[in-house]
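> The annotation GTP binding site is assigned in TrEMBL to G28, L29, D30, S31, A32, G33, K34, T35, G79. Taken from TrEMBL, the feature Mg(2+) binding site applies to T35, T52.
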Amino acid sequence: MGTTMGKNGGHFLDALPSQATLHVVMLGLDSAGKTTALYRLKFDQYLNTVPTIGFNCEKIQGTAGRAKGIHFLIWDVGGQEKLRPLWRSYTRCTDGILFVVDSVDVERMEEAKMELLRMAKCPDNQLLSFSLETVEPEKSK
């Protein structure tokens, strides 16, 4: 698991009113696991998904820790190469970006890195914090 720090070293969620709604965009290459991660957050289980063409949008309420009571409106945007030029449209005026990487797909790691750097360089996307999280799939019983 990782940590998320704001510009001044404090956790950015500490500064929010408890009834705030944060608008977050979830990006990453196609088949990176964005939709799977989104539904895991929303339903607390792994669901079968299909490739996202366009976007999905889900509202999720934080239930634990610093996120408790905070509402997140999460936009899961398709990662196919032809859709990536549209990412900038989704990230304007957003509160955060979650960039999902499939750590098992080592052949596409450089491509994921380049797309993340491209988004980080976009003037509309000021990087306020970094977060490194590892999500392990459930083991079959």
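Count begins at 1; order follows the chain as displayed.
Just so you know, glycine gets a Cβ as well, placed from its N, Cα and C.
Because the structure is a prediction, the values reported are computed rather than measured.
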> Reported as an integer number of Å, what is the Cα distance between T52 (Mg(2+) binding site) and G79 (GTP binding site)?
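Spelling it out, the Cα of T52 (Mg(2+) binding site) and the Cα of G79 (GTP binding site) are 8 Å apart.
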> State the count of C-beta atoms found within 10 angstroms of the C-beta of D30 (GTP binding site), not counting that atom itself.
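D30 (GTP binding site) is surrounded by 16 other Cβ atoms within 10 Å.
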> In Å, how large is the greatest distance between any two Cα atoms among G28, L29, D30, S31, A32, G33, K34, T35, G79, the listed binders of GTP?
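Taking every pair among G28, L29, D30, S31, A32, G33, K34, T35, G79, the longest Cα gap is 11 Å.
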> Measuring Cα to Cα, how many Å separate T35 (Mg(2+) binding site) from G28 (GTP binding site)?
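If we compare the Cα positions of T35 (Mg(2+) binding site) and G28 (GTP binding site), the gap is 10 Å.
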> Cβ within 8 Å of the GTP site centroid (G28, L29, D30, S31, A32, G33, K34, T35, G79 excluded): which residues?
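After dropping the recorded site residues, what remains is T52, V100, D102.
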> Using Cβ atoms only, which residues of the same chain lie under 8 Å from G28 (GTP binding site) while being at least 6 residues apart in sequence?
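In sequence order, the residues whose Cβ lies under 8 Å from that of G28 (GTP binding site) (at least 6 apart) are K34, G79, F99, V100, V101, D102, A112, E115.
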> Does DSSP put T35 (Mg(2+) binding site) in a helix, in a strand, or in coil?
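Assignment for T35 (Mg(2+) binding site) reads helix.
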> Just to verify: the residue among K34, T35, T52, G79 with the fewest other Cβ atoms within 10 Å, which of the binding-site residues is it?
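Taking K34, T35, T52, G79 as the binding-site residues, the minimal 10 Å Cβ count falls on T52.
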